[in-house]
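Novice: What TrEMBL records for this protein is below:
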- 6-24: transmembrane segment (TRANSMEM)
- 121-241: domain 'Type II secretion system protein GspF' (DOMAIN)
- 222-255: transmembrane segment (TRANSMEM)
Amino acid sequence: MSAEFVHRLGMPGGTALALGWVVWRLDTVRRRRQARHRVAELLGHEMPVRTSFEVPDTVRRLMLPAGAACGAWMLAGGAGGVLLGLGTGAVLWRWRDRQAAAGRAETVDTAEAARRLPLAADLLAACITAGAGPVVAAQAVGEALGGPVGEALARGAAEVRLGGEPAVAWRRLAALPGAAVLARLLERAGESGLPAAGPVARIAADARAEWARTATTRARRAAVLISAPVGLCFLPAFIATGVLPVVIGLAGGVVGGR
């Protein structure tokens, strides 16, 4: 086994270990950040903006392709290794872009949607009561409200006005949490022309009540999460002052009886 072979085998191995440690460290940081965000959502407030160092998106996107390209070059070496590294980096770059695009397309802020749904239903009921049609009211409310609910309302209304099927047009609205009933109501109102002001107002009341129940559940969970660490802090003192004297007394009695 020549020294050159050992060198060529050791460099990729060391690089792979270093990259593995970096990936593990970044994954640990990401998991901790997600845990903090889950606790913040449970408590019902937003996370404060931190002024820590943030890696730019371009650098973050280049890390995996660049590491793969360097690894391929060190394994193969020479001009073939350069071509192999460039090809591997380009393939991984395209794959990461497609994954990021799919993630952005599928990401929906469910908490924001649930919070805005009662307001959207109230505005819809007000517009329909004032004489607007369900589709016109949905488009006006969607353009004014914005967010996940507003975008779904505006897009569904635009598709219906362009001649699309109501069941397909309101599918995006029905996918939002708690908005399936509103989507079915808009679909039926657009097809049959039935009055929708009263049912939409009832949907708004139901959505507001559901949001209140969700907030109460979050508050109870927060109370449990807060009381658990406090109990763990007092547990050693309880054992030292309440359990150990009893155990020591019983042990002394048993030993003395013998």
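Backbone N, Cα and C atoms are what each Cβ position is placed from, and that goes for glycine too.
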Novice: Would you list the DSSP helix, strand and coil counts for the residues of the domain 'Type II secretion system protein GspF' (121-241)?
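Specialist: Breakdown, helix to coil: 102 helix, 0 strand, 19 coil.
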Novice: Suppose you look only at the domain 'Type II secretion system protein GspF' (121-241); what would the mean pLDDT be?
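Specialist: Per the prediction, mean pLDDT sits at 82 for the domain 'Type II secretion system protein GspF' (121-241).
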